[in-house]
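According to TrEMBL, the protein has these features:
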type: REPEAT; residues: 84-118; note: repeat 'PPR'
type: REPEAT; residues: 119-153; note: repeat 'PPR'
type: DOMAIN; residues: 167-285; note: domain 'Pentatricopeptide repeat-containing protein-mitochondrial'
type: REPEAT; residues: 189-223; note: repeat 'PPR'
type: REPEAT; residues: 224-258; note: repeat 'PPR'
type: REPEAT; residues: 259-293; note: repeat 'PPR'
type: REPEAT; residues: 294-328; note: repeat 'PPR'
type: REPEAT; residues: 399-433; note: repeat 'PPR'
type: REPEAT; residues: 434-468; note: repeat 'PPR'
type: REPEAT; residues: 469-503; note: repeat 'PPR'
Amino acid sequence: MQMRQKLLFGSSPAICPHGLWGLLPFYLKHHINPVKRQMLHASCQLILQSRAKRCGFLVNCLIGTIDNSNNEHRTFHRKGEEISYDLYNESICELCAEGNVDEAMWLLSQMEALGFHPSFVSYSSLIAALGSVGRTLEADAIFQEMLCSGRRPRIKVFNSLLRSFLRKGLLRLADKVLMLLEDLAVDRNQETYEILLEYYVNAGRLEDTWLIVAKMRRENYALNSFVYSKIIELYRDNGMWKKALGIVEEIREMGLRLDKRLFNSIIDTFGKYGELEEALEVFEKMCREGIKPDFRTWNSLIRWHCKFGHLDTAIDLLNGMQEQGLYPDPKIFIIIITHLVEQGMWDVVDKILENMQKRGHHKSGAIYTVLVDIYGQHRRFQDAEYCLNALKLEGLQLSPSIFCVLAHAYAQQGLCEQTVKVLQIMEADGMEPNLIMLNMLINAFGNAGRHMEALSIYQHIKETGITPDVITYSTLMKAFMRAKKFDQVPKIYSEMESAGCTPDRKAREMLQSALMIVEQRHC
């Protein structure tokens with residue numbers, strides 16, 4: 001057991017320049033002309049140097065050679081107090097709670113340079129904070145250090161680490177966390193099962209989802225609104241929307257009140273299958289029962305009305321959302337402007353932006369302005385680096401979700417190099433691309449007709465231990481369909497089934513189309 005603890009995360013250093021870079025040698029060699037290869041190679045070297053400086057900064061902190069002038073702003077909130085062991089731990093926990101992860105890590109290095117080891121609470125706070133911003137390498141290094149120090153992690157720590165691994169699609173490492181749970185005889189709790197359930201549903205892993213539900217029933221855990229909402233989503237994503245709605249009757253028979261989460265799942269199920277009138281009826285019922293719609297409610301209604309061509313209703317919903325003091329998720333905003341731009345309705349796009357500014361949404365509205373620009377009205381932000389600098393000047397805090405939205409916008413436009421650049425800058429800032437962002441990169445190359453680059457990203461995903469999900473396979477199938485490599489589509493489909501992912505409706509349709517074309521060619 002001790003050997004397993006030592007080996008569990010031993011292969012992942014706290015900070016190392018890997019990730020997206022693993023695919024670059026193949027990409028540079030085979031898929032870029034010599035001039036572009038030289039430019040991208042130089043860009044990569046700059047990014048790696050930046051990360052090396054960051055590593056060097058932390059090493060300097062560890063050996064106590066950091067310039068004293070840099071220490072003042074780190075401890076300004078404790079001015080006049082002697083820095084003790086308890087004060088270090090208290091400050092680390094405060095910084096983690098505020099989201100200042102870099103400063104918390106700086107204090108950790110300073111603390112360890114003095115011969116102190118963090119408390120159990122400090123370790124727990126650091127693991128949760130690092131995991132929440134996608135810095136899983138550092139999170140598992142802290143966890144490893146916690147084990148080596150002899151401190152016994154509680155279930156909350158395991159849950160934090162499990163959630164961060166699953167967000168990145170690192171299913172193998174997540175499985176090792178679960179194995180260690182058993183070795184240390186730490187009991188899973190409701191949150192553990194809910195974390196697993198959410199991942200398996202989102203990844204389209206049907207069998208694994210039912211295994212989790214069955215275990216929860218056996219161990220007498222409550223099937224609450226969260227669990228039922230995930231079951232509804234599972235049916236929805238597998239084309240069984242009527243069966244999904246049948247779950248609602250089961251909920252009522254149990255006397256479980258429909259809450260916001262369940263209403264959202266039902267609305268999204270109706271919307272996905274084009275039952276828009278029913279979705280609006282459920283929305284009205286939700287409001288009548290005194291349950292206030294949240295971002296997810298409005299985003300779902302706007303998304304599906306856009307998809308099925310009801311743009312006028314979608315815009316009305318957007319206005320209604322803003323009247324409630326809410327603003328759309330930037331991903332949903334992309335869907336709206338994509339449909340408006342396709343119809344040349346730039347005047348409507350301008351009006352939407354103007355309304356946002358009038359409602360006092362100027363600062364965070366910068367991201368919406370940038371997204372519109374990427375889609376071609378002014379084309380000032382066609383360069384990702386310039387775009388990100390402009391957002392920083394507006395005072396916008398760049399988070400993994402913002403990077404994800406920008407990568408998606410560039411990918412939708414087929415701007416592959418800019419999509420790659422967003423991921424490079426994200427890594428240079430200490431954030432690791434997750435499966436969602438790598439799926440977007442596959443999509444960007446696929447839209448540009450560069451299926452071999454899309455395939456290299458897929459190979460990179462597997463080599464780095466990330467578990468591909470149904471979106472990965474579907475997006476790769478679409479890339480090969482665009483490239484007219486129809487004979488490869490069934491092979492990708494088979495790999496998806498072998499990996500335990502349940503193919504969605506889009507994947508099944510692409511498979512049928514590819515098989516039909518291949519059969520016609522052989523006739």
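Cβ atoms are placed via backbone N, Cα and C, with glycine included.
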Average model confidence [pLDDT] within the repeat 'PPR' (119-153):
89
Summarise the repeat 'PPR' (469-503) as counts of helix, strand and coil residues per DSSP.
26 helix, 0 strand, 9 coil
Can you work out which residues elsewhere in the same chain, 6+ from the ends of the repeat 'PPR' (469-503), have a Cβ less than 8 Å from its Cβ atoms?
169, 202-208, 238, 435, 438-439, 442-443, 445-447, 449, 451, 454-455, 458, 461, 510-511, 513-515, 517-518, 521
What is the number of residues in the domain 'Pentatricopeptide repeat-containing protein-mitochondrial' (167-285) that are helix, strand and coil, as DSSP sees it?
89 helix, 0 strand, 30 coil
Would you list the DSSP helix, strand and coil counts for the residues of the repeat 'PPR' (119-153)?
26 helix, 0 strand, 9 coil
